[in-house]
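These notes concern the structure reproduced below.
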Amino acid sequence: MIQQIVQDRKIEYLIHFTRTSNLTSILVNGLIPRSILRDNRIQFVHNDDHRFDERENRTCLSISFPNCKMFYPMTLNYPADDWAVIRLSPNILWELDCLFTETNAATRYIKETPDNTLRGAVALEKLFAGEEIRQQQQLKSFDTTDVQAEVMVSGIIPPNYFVDLNFHYQNRIKDLVGLQALAKTFPQYQWKIRPEYFYQR
């Protein structure tokens, strides 16, 4: 069962990164897939211009650590933007409709894999396959083997699944005053400085 995998692997958080300009909408409405945002004409700034995974009705999350092969270059390519790393409850894995991809969901063979094959405990456990390479890389039990492994969640992820919000060092935040004002508007969330999420795993 998925709950048993989460317990055995000590998975505490799922991860989603976004520009801070999206935070107000996210904290009010939850994480909304691109297809719903577009259909309802909701303004947002997306992380990638093209969703090559072709599953725009789903939001992409990572387990334990951001997809740094995507996130880290973005922070360099868009230096004027501030970024937030949202940590979410692992309950999502069994309470919501999730697909599990052991590598980037945009790869051809995953795009061609039926959704049902990517659901359930067996699919989740594949994200942690390859014991030899895991030992070589000194991965922890909750680290996916491929940092680009994804959890693709169908529909809206409500804000009650959010655990906290994490940011780079204060001197790296461009609009610190605006972010501090936003934190006062949403005091129900913990706002933390966790620079480790903004580098390579």
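Placement of Cβ uses the backbone N, Cα and C atoms for every residue, glycine included.
What TrEMBL says about this one:
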DOMAIN    12-199  domain 'DarT'
BINDING   H16, F17, T18, R51  NAD(+) binding site
ACT_SITE  R51  active site, proton acceptor
ACT_SITE  E150  active site
Inside 10 Å of the Cβ of T18 (NAD(+) binding site), count up the other Cβ atoms and send me the figure.
20
H16 (NAD(+) binding site) to E150 (active site) - Cα separation in whole Å:
10
Going along the chain, which residues six or more apart from the residue listed as 'active site' have their CB under 8 A from its CB?
C60, L61, S62, N67, F100, T101, N104, A105
Summarise the model confidence on the domain 'DarT' (12-199) as a single mean pLDDT, whole number.
90
